[in-house]
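Chemist: Grabbed the feature section from TrEMBL, which reads as follows:
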type	residues	note
DOMAIN	339-584	domain 'COPA/B second beta-propeller'
DOMAIN	625-774	domain 'COPA/B TPR'
DOMAIN	815-1217	domain 'Coatomer alpha subunit C-terminal'
REPEAT	47-88	repeat 'WD'
REPEAT	89-130	repeat 'WD'
REPEAT	131-172	repeat 'WD'
REPEAT	200-241	repeat 'WD'
REPEAT	244-285	repeat 'WD'
């Protein structure tokens, strides 16, 4: 059973499939009718007007109607489009068990516990016939699919077949008077519309269900005697053919399968059983744990069944319908019924090749699942679920004359997954031993390869390679080398589709598609709500796939879309240009022509084939909001502009693409404040002062206008703004404009008028306007504010703008392919461009200096004598040139410039060159790419805590750059400083960055750390050693020998850091002498320099001796003497302690310390980890820790995470080469 959909609800008593849409009605014991979309798995609607259980429900074949019957004795007819009950049919006197529409006439048949069957006309809304004869509840009644018959089943243990021919004649309009007369007689004296044709007796208990066969004169019934009976009928009689026994409780429902020769029944014994209708034997049983089954329904056109039970319903198929197929260049081999067939794409010729299954071997789920073809040997490998998974190997005769004649005996073997891996070799997965068996065409094992991972299926992945599926991963396995070439985490994969060049693979699961490279390098993942069915690659690298109801595409970057909808599911076999070849569920080959314009357009954009894009825009009907949104999202708003007519959308796209002219035109059409404001912002960004001014004027945004005039130096208009503010009585506006103008008298006047006399007085005094200050002093009297002493006031004047009045200069570039591509190219001539240039250089740069002289009038300034000394050098030596006549000057260059001038390409920033060339974190940090530097350190050394490195990152960045100021209002120019630069170096070749830290600095720090340790300054020593540990990841050395020295330095410093930390911890502990002795003892096992080891041993010896642990103190004394101490005092003390210990070899307290057993110290808990015990280490400093510290931050280096995966220290370009 292949379950397609399942619901959880109250007990389901009635079910009905819609004939066209993927809908199913379920009527519940609670009185609710649910309408489900079984393809999407969603509840569409619910109808709850019935009072009590609803036992029967049925969709009309063609109208938007369904009928329901319930325990409230009512039959209701509903319109599912308007979601309401149209009318109710009343007449039954007890529970209604089933209702059904007639396939042609406007009739409904209903069965009831009132022992009658009624036929209703739903158009006239009347009961047109009552069928009486049963003497117990009638459990079901249904029309024959073709003939004028009704079958009913009752608890009176009988099945009745009723002939309703007379009813049909009665409802047909009478053609002549004689018929009309007989009709009147019938109406007056009561005619018999329906007569009992047969009464079938044979069940020992009440019959719950009876159903006709779709085409044959057969009836099947199920009853409370736990039996399913098969009946045959002819024109005169009906008789029992056979009884199917197997159910353990009442049989609730039974029916013939529409497509196959089988009977399906369900029962209160919690099972669904499938029977062979010809052999009358059970084929398969499906059970549920706790739920009794009540009802079955079959889809009128598709191979779908549904069953209702105590806690919901299931929609299912009995068998897969996907034909097994394999494509080989122009051929497809596929299975249909019991034959292997071959279809040629080019000629569309279909031929039968060989029979593949012995006649009579039909069974559920025994059809071929996969097919693999070897073109050189003309061999086919077919896998199925027969006998728990097996394969059959057929070698097809080359000559076509012998094809399709005799039955060829196949070579068989166990294994549900088999595939060709070479010309005459195929691989079979043996799940029991998890190994792949490679066999030849004689079915002999040639090689066995154990898989290093659990696999449940194998697929082809190129010659000699297999793609193996496990539960949540796929692997590519090389059978020759027995190596895993790549792996990828995926949902459960059902199908694998390779591109023609074997460079890309699509992995299809139930609801997802994963696109990957040939070594399973992930490219993109698509998720679908509806089931994915099949797929194939087209010649352009686009993956075309089908879901249950769509053909869709997926581009290499993961963008996808719908090509067209489908009525029925298909399985794509090949894509050739605009034609999709596919197989349907009946095994028929079909060719579907599609419109590939949309995805080819997107692919051309993706691959930057702009000539294709342009021709498509001109020649195809590409439009719609989805395409516009796509172009915007991908950064091509200027392309989208060509599709759009709506002004608001045009405005947004024009702003996004920086096309101010179109934006202005659209803003005028829209004329809304928000759009003018946004236009102003974009125009300001481009330095187009004229449009900014126009936009602000349209929105009356006076504050912004004033500021615009200030930064563009337009004093005349600032004066106008001052007057406007005065008219509007905007005091703050007046004050700001006066401030921008540097007009002190105006500011004082404004402050006076606003009543701020103290501020007005201070302003007048500070700016030396004594007459105004004296007048205000009189007015203020005693409340005169004091001025600061010894301060020199200065007039606050706004600085002169760099660009005065005109727009910012823009680089003249060639029109983009999309901007000019659709206009008439070459409209403007060279002359027009030159005129425009003259205008730009002449009028708009008409800056005025302090004395009111035009910028261009240089001679006036010179004659004025104000330039003085500057003039003595002779200024610029600009003499007239003796040029040849103008006619001889070639104008081709100007013309060329106007058409094909190409903007100078910007160079690559040095920082980008540094990061592209290097895998060293220090060089990335120097380039300012802190993010990639952190990622590199995390990957190489497992570093997660970057706080200690923050200042070093900044030092590296600032140290590798120097900064120049051009002039005050311009931004600072940054210059890169390169390592090992020389004057002879080529200016075009960039060296690596100069770094602030080097190895020699670390050696100096190490010596300082040693000195501090000797002096007993442990806090200072710890700071120095930690500083070395924090700097090493950001040091770069040149040679391999230096790399080894850096790694050695890490080990040395790590030992000292652990030792210092333990010693400082020991000094903090006052009340625990045992722990003090342990820490002093562990310190002696750090790998220290000899003078420091002697000091540590002397320290441990003293601590233990004082605590009366003489034996342990004696051990330290012995170790100290073995080092041959040069200081006599050390040696003497050690000898004395050793003598005392030898006299009394006891310890007062037991320590967690065994010097005979080699150990390392945990860097976090400071306990010994003896040889053989489990431990974890820091990936950077290699300090060891107890297993509980895994995942914690290393307490030694304070950078890396304990136990993290890391590739190792990378500190030299020589490691990368």
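Along the chain as shown, residues are numbered 1 onward.
Any Cβ shown, glycine's included, is placed from N, Cα and C.
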Chemist: Can you name the far-off residues of the same chain, 6+ from the ends of the repeat 'WD' (200-241), with a Cβ under 8 Å from a Cβ of it?
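Modeler: Counting only partners 6 or more residues beyond its ends, the repeat 'WD' (200-241) has Cβ contacts under 8 Å with 136-137, 139-140, 142, 144-146, 149, 151-161, 247-256, 258, 263, 265, 267, 269, 273, 275, 277, 280.
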Chemist: Limited to the repeat 'WD' (200-241), I'd like the whole-number average of pLDDT.
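Modeler: Summarising the repeat 'WD' (200-241) by its mean pLDDT gives 93.
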Chemist: Are there residues at least 6 beyond the ends of the repeat 'WD' (89-130) whose Cβ is under 8 Å from a Cβ of it, and what are they?
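Modeler: Those are 14, 53, 55-61, 65, 67-71, 73-77, 136-143, 145, 150, 152, 154, 162, 164, 167-168, 170-171, 193-194, in sequence order.
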Chemist: Please list, for the repeat 'WD' (47-88), how many residues fall into helix, strand and coil according to DSSP.
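Modeler: Helix, strand and coil residues of the repeat 'WD' (47-88) number 0 helix, 23 strand, 19 coil.
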Chemist: Is it possible to list how many residues within the repeat 'WD' (131-172) are helical, extended or coil according to DSSP?
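Modeler: Across the repeat 'WD' (131-172), the residues distribute as 7 helix, 20 strand, 15 coil.
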Chemist: Over the span of the repeat 'WD' (200-241), count residues by DSSP class, listing helix, strand and coil in order.
Modeler: 0 helix, 25 strand, 17 coil
Chemist: What are the helix, strand and coil residue counts for the repeat 'WD' (244-285) according to DSSP?
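Modeler: Within the repeat 'WD' (244-285) the tally stands at 0 helix, 25 strand, 17 coil.
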